[in-house]
Amino acid sequence: MKCFAQIVVLLLVIAFSHGAVITGACDRDVQCGSGTCCAASAWSRNIRFCVPLGNSGEECHPASHKVPYDGKRLSSLCPCKSGLTCSKSGAKFQCS
């Protein structure tokens, strides 16, 4: 029961944080609206959500740059918004 409560709290924190705007369940990018991609959940690759494309300074995945992507996206991060590139910044990749 304690583990369940911790998971619920964690999900609530993530859902209300700036970096995890969840807009709806999906299977592929074409099911999401403009400016979003169908990203895999950080907890389970079988669960995907429509997530906004990355803004300047936000974390990104360098191999995940095509929208819409034809297959099932494996990354939990969306590509950067149009006009931005995903480049290495320190130990992470960020949209710039």
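Cβ from N, Cα, C; glycine included.
For reference, Swiss-Prot has these:
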- Cys26-Cys38: disulfide bond (DISULFID)
- Cys32-Cys50: disulfide bond (DISULFID)
- Cys37-Cys78: disulfide bond (DISULFID)
- Cys60-Cys86: disulfide bond (DISULFID)
- Cys80-Cys95: disulfide bond (DISULFID)
- 1-19: signal peptide (SIGNAL)
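All features noted in Swiss-Prot, drawn onto the structure.
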residue : record         : Cβ within 10 Å
Cys26   : disulfide bond : 21
Cys32   : disulfide bond : 25
Cys37   : disulfide bond : 25
Cys38   : disulfide bond : 23
Cys50   : disulfide bond : 20
Cys60   : disulfide bond : 26
Cys78   : disulfide bond : 27
Cys80   : disulfide bond : 24
Cys86   : disulfide bond : 21
Cys95   : disulfide bond : 22
To the nearest whole angstrom, what is the C-alpha distance linking Cys60 (disulfide bond) and Cys78 (disulfide bond)? 6
Near Cys95 (disulfide bond), which disulfide-bonded residues out of Cys26, Cys37, Cys50, Cys86 have their CA within 10 Å? Cys86
Please report how many Å separate the Cα atom of Cys78 (disulfide bond) from that of Cys38 (disulfide bond), as a whole number. 8
Listed disulfide-bonded residues Cys32, Cys80, Cys86; those within 10 A of Cys38 (disulfide bond), CA to CA, turn out to be Cys32
Per the 10 Å Cα distance test against Cys26 (disulfide bond), the disulfide-bonded residues Cys50, Cys80, Cys86 reduce to Cys50
